[in-house]
Amino acid sequence: MSSPLTDRSARLQALQHALRERILILDGGMGTMIQSYKLEEADYRGERFADWPSDVKGNNDLLLLSRPDVIQAIEKAYLDAGADILETNTFNATQVSQADYGMQSLAYELNVEGARLARQVADAKTAETPDKPRFVAGVLGPTSRTCSISPDVNNPGYRNVTFDELVENYVEATRGLIEGGADLILIETIFDTLNAKAAIFAVQGVFEELGVELPIMISGTITDASGRTLSGQTTEAFWNSVRHARPISVGLNCALGAKELRPYIEELSTKADTHVSAHPNAGLPNAFGEYDESPAEMAVVVEEFAAAGFLNIVGGCCGTTPAHIEAIAKAVAKYPPRAIPEIPRACRLSGLEPFTIDRSSLFVNVGERTNITGSAKFARLIREENYAEALEVAQQQVEAGAQVIDINMDEGMLDSKAAMVTFLNLIASEPDISRVPIMIDSSKWEVIEAGLKCIQGKGIVNSISMKEGVEAFKHHARLCKRYGAAVVVMAFDEDGQADTQARKEEICKRSYDILVDEVGFPPEDIIFDANIFAIATGIEEHNNYAVDFINACAYIRDNLPYALSSGGVSNVSFSFRGNNPVREAIHSVFLYYAIRNGLTMGIVNAGQLEIYDEIPKALRDRVEDVVLNRTPEATEALLAIADDYKGGGAVKEAEDEEWRSYSVEKRLEHALVKGITTWIVEDTEECRQQCARPIEVIEGPLMSGMNVVGDLFGAGKMFLPQVVKSARVMKQAVAHLIPFIEAEKGDKPEAKGKILMATVKGDVHDIGKNIVGVVLGCNGYDVVDLGVMVPAEKILQTAIAEKCDIIGLSGLITPSLDEMVHVAKEMQRQNFQLPLMIGGATTSKAHTAVKIDPQYSNDAVVYVTDASRAVGVATSLLSKELKADYVARTRADYAVVRERTANRSARTERLSYEQAIANKPAFDWAGYQAPTPSFTGVRVLDEIDLAVLAEYIDWTPFFISWDLAGKYPRILTDEVVGEAATSLFNDAQAMLKKLIDEKLIKARAVFGFWPANQVEHDDLEVYGADGETLATLHHLRQQTIKPDGKPNLSLADFVAPKESGVRDYIGGFITTAGIGAEEVAKAYEAKGDDYNSIMVKALADRLAEACAEWLHERVRKEYWGYARDEHLDNEALIKEQYVGIRPAPGYPACPDHTEKGTLFELLDPQGLSGVSLTEHYAMFPAAAVSGWYFAHPQAQYFAVGKIDKDQVERYSQRKGQEASVSERWLAPNLGYDD
């Protein structure tokens, strides 16, 4: 007879085989079935607990001992229904949960019995059907307490359970489950990820102790419409936090029904490189807490999961029964299991939100001001235990651009461990801070470990090293791995810190090999700190410190696969402490070279970085001499001019307290929504004195504010930690009012219809949508505006919740077209019966007819050309008399468009890609003298004078944005629209003056020039100052057959080929006038003034484009200087009567939006422009323009047009990506269907 371990090993092999073959079935709700038995107190007690001093009814785990027959009968019923995996009835079998009944001493026994009983039932079923073995998952539930959330709203740093207590509980439970015969460990219903991390830590410890390793299943719980866990994490952030467990599956269960769970399971299925499970509830509970979704109804939804390829394991949770499981098993039986995707290696961190770093990422700013050793202010606040202001320091770092925050509490007179724990617990209740990953920084291991026990996300340990020997290094690394943290590894060994390049490389290589080969540490989670030491100290041996570090970064990048690099940047300038301008210049120059050589991240003051090209040349030259150790006299030369720059840094700390100027009612609402307690008592008192009775403060502004909080929470715009903060504010306000209270002992016309409007996911443009909304609102329609960047599931959920009559989608950038198709598909899948309106700059009748309309047949899909047509379309769609005829005509029209498009595509002949290359322009490069820019590198122009930019505005697009057709200035005297245009223009001038005079918005530009050459006909290599390749720009070539011998153009044609030997150049720019525009527009919206809100955004757009025009003129005449004698008025500029071009990625000459990412990497790796890119490469703020500069005298604007598959395949090869990825981004340009 084989041993139990051998039997378990055989079962696990069978499990792996089964997962490859089919979708496995998990059982259903145990609690649901127990309730069906209608057990009484006596059943729970049995003989053994007849005299137990407290009630035990409801302790379902106790039935393992008092009514095992019931538990096994339920388990057998699930196996008979088709379940492959039984969950043990041990959801609450931990001491902390059993303590509610005074039964904590039974925890171990309950887990043993739970696994033993399930094992018996599973083995009996396997004996009946040997070809289909059944498995037992030992359940570890979440417990009744949370490690990340305080149970006391007045004390956010308090916890009623610790990580260590949970580990102790889970260790005991895991031992019992293994002893009882479990095949797997299932950590489920995770609403607080820190609890789950404690469970993982415990389970892995037991495995190591017992010398056995079982597969781990992990299942989280998305609790509401926000798509987050109760403790605030998104689905991807949750996965990043637990993936170190290397689970056999990750999934979601409970809280939501299958329908509501779908978008989160879909996301998980694309992100997780392991099997995916789902065991949703039987719908959502009704008013009586019961579940109404029938087996057939639930199976229909779950079958969609399987058909879409989301599932490897599926079962049920609350409200599900054996009948549900049987229906689900039958529904998914015909579908193959989900194929596990290959996810690229990357350091995947998380706070409340995910954060991914890889070799292609822009430089990562790690905020340093929450480091006691780096900030005197922060140190003082911590010593004074002024944690409220200390949290503000952290928040300022995040708002200033820190993507990770470094927290260090090492100070001789401080209890560092206690301070670290307190501060991290408080951060957990501050979503604006805890959304980013945490770097726990300490030289004391006990402080690091205490910090790791406080963060639910995947953070970074700073640091471990071989300073105390290899064994201690490996011990700490193993623990970091078990806690699920990335690590900063110092270049430090038994002989001390590495100070030379050779020592840095030697220690980093040795550390890497030990971590990867001996510890099994993921290489992508290793971040080397090769030691940044102070330069310009006057000691000759220190002169090469910066060069050694920079070269070490390059070594790490080139020789240690997937590893990253970091450093404490302020160390390099320590010898100039007290002289902030010089220090900032040193930091900027140092980072400029270190980033180019592979530095991934740096601990910096996120709000205080000087711009490399903005450093005065005299200072920058001396600093570069010091940083790069170019001359022996570099230090003396820098010291000689250092005092000239002394007297304050480039960036000042400032607190934004603008909201304090609001009315007291608005201040109270703001405080409640933001969770600010600082002024709540004085504001409450001020409001009390304005009211007739103190109770009116509660019934009025306080309840109004809490209604806002409730609305935001219900809509998924706030989540639990924020609501807890709001409740704390409310309590303080009410507490102030109670003594005063005790001392005292129209009809609305019906809307024509409700229309939901949204700018789709990935797109931030909303001017057109807002105008349409205003027009519809003025015509009696109730408009529900979801804003920008709205995912499909939110659009559809809101349409149902708001009982909308029409859904309207808007988008400006080409990737939005795909997202609209996705929404249409989802509407069809979910059987919506609502009309769909499509609008936006990139949309068209042809795209709507060809791509969107065929995806949704339940109701009409209508392309709306402009705001003026929206009312007529809406009226037709909602009219009983007009709709049928209108929809029929629209569909017939679209059928014609589709046929015409198909015929045109079939008729159109194009050159092969090779033929198109052969027909490129023939320029005389041998005789070409490329103009040389006045500088190379990047410069920033901050707070550009808006009055100057106003002279460059092209007003014609402004009128078009308001749906007034005509060319400026003739439109002002147009017979039809002249009066309206003039009135609008006068209002625009008044608003423009206000924006300029009051400096309500700001304009900024980042631009640069680099040496460049054409390679492979259609690509451009961009070079650094030393000739190294900084980036490759990928362009496309026209393939349409040209008449009269005209060439097939590519933007690459306008730069000299590499083989010509000509040193040519390219430029790039980002301009924005949107800084502050969103806030100004929202202020008008808050007053109900949609007109001026839209006006502000429209003018910001025009100013951003004007800024691009103004800057291009300066480039031509000054910065590049190839047209110094140019004299063009604004009309000539608008007509593009200049030499050179400034094409924008995503537009006709370079239609691939992803190239914008390369432009931003070259121009703005530190985020100094104030403009960022969304996942679909839209710029935010929306009032922004970016593009390339070409100076060749024959450079011209053109459209690439339709291209064929041969070019797409070559383009994809050059970009190093799958052709399907290129096809998605180039969809409007594809001249083929498959």
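Glycine residues also receive a Cβ, built from the backbone N, Cα and C atoms like all the rest.
Now, the feature entries from Swiss-Prot:
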DOMAIN    12-332  domain 'Hcy-binding'
BINDING   Cys254, Cys317, Cys318  Zn(2+) binding site
DOMAIN    363-624  domain 'Pterin-binding'
DOMAIN    655-749  domain 'B12-binding N-terminal'
BINDING   Glu699, Gly762, Asp763, Val764, His765, Asp766, Ser810, Thr814, Ala867  methylcob(III)alamin binding site
DOMAIN    752-888  domain 'B12-binding'
DOMAIN    904-1234  domain 'AdoMet activation'
BINDING   Asp954, Arg1142, Tyr1197, Phe1198  S-adenosyl-L-methionine binding site
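Counted over every protein chain shown, other Cβ atoms within 10 Å are most numerous around Asp763 among the binding-site residues Glu699, Asp763, Asp954. Around Cys318 (Zn(2+) binding site), the same-chain residues at least 6 positions away in sequence with a Cβ under 8 Å from its Cβ are Gly29, Gly31, Thr32, Cys254, Asn281, Ala282, Pro285, Tyr291. Take the domain 'Hcy-binding' (12-332) and the stretches 363-624, 752-888, 904-1234: counting Cβ pairs under 8 Å, 363-624 has the most.
Each of the binding-site residues Tyr1197, Phe1198 was scored by the other Cβ atoms within 10 Å of its Cβ; the lowest score goes to Tyr1197. Each residue contributes its Cα atom, and for Tyr1197 (S-adenosyl-L-methionine binding site) and Glu699 (methylcob(III)alamin binding site) those atoms are 62 Å apart.
If you draw a 10 Å sphere around the CB of Arg1142 (S-adenosyl-L-methionine binding site), it holds 23 other CB atoms from the protein chains shown. Neighbour density around each Cβ, counted as other Cβ atoms within 10 Å, peaks among the binding-site residues Cys254, Ser810 at Ser810.
DSSP gives Glu699 (methylcob(III)alamin binding site) a helix state. For Glu699 (methylcob(III)alamin binding site), the nearest neighbour among the binding-site residues Cys317, Asp954, Arg1142, Phe1198, judged by Cα separation, is Cys317. Of the binding-site residues Cys317, His765, Cys317 has the largest number of other Cβ atoms within 10 Å of its own Cβ. Cα of Ser810 (methylcob(III)alamin binding site) to Cα of Phe1198 (S-adenosyl-L-methionine binding site): a span of 27 Å.
DSSP assigns Tyr1197 (S-adenosyl-L-methionine binding site) to coil in the three-state reduction, placing it in neither a helix nor a strand. Other than the site residues Cys254, Cys317, Cys318, same-chain residues with C-beta atoms no more than 8 angstroms from the centre of those residues' C-beta atoms, the Zn(2+) site, are Gly29, Thr189, Asn253, Ala255, His279, Pro280, Asn281, Gly316, Gly319, Thr320.
Of the residues the record lists as binding S-adenosyl-L-methionine, namely Asp954, Arg1142, Tyr1197, Phe1198, the two whose Cα atoms sit farthest apart are 20 Å from each other. DSSP assigns Cys317 (Zn(2+) binding site) to coil in the three-state reduction, outside any helix or strand. A Cα-Cα distance of 19 Å separates His765 (methylcob(III)alamin binding site) from Asp954 (S-adenosyl-L-methionine binding site).
Confidence for the domain 'B12-binding N-terminal' (655-749), expressed as mean pLDDT, is 74.
Among the binding-site residues Asp763, Asp954, Arg1142, the residue whose Cα lies closest in space to that of Cys317 (Zn(2+) binding site) is Asp763. It is 23 Å from the Cα atom of Arg1142 (S-adenosyl-L-methionine binding site) to that of Asp763 (methylcob(III)alamin binding site). Here the C-alpha separation of Asp763 (methylcob(III)alamin binding site) and Phe1198 (S-adenosyl-L-methionine binding site) works out to 25 Å.
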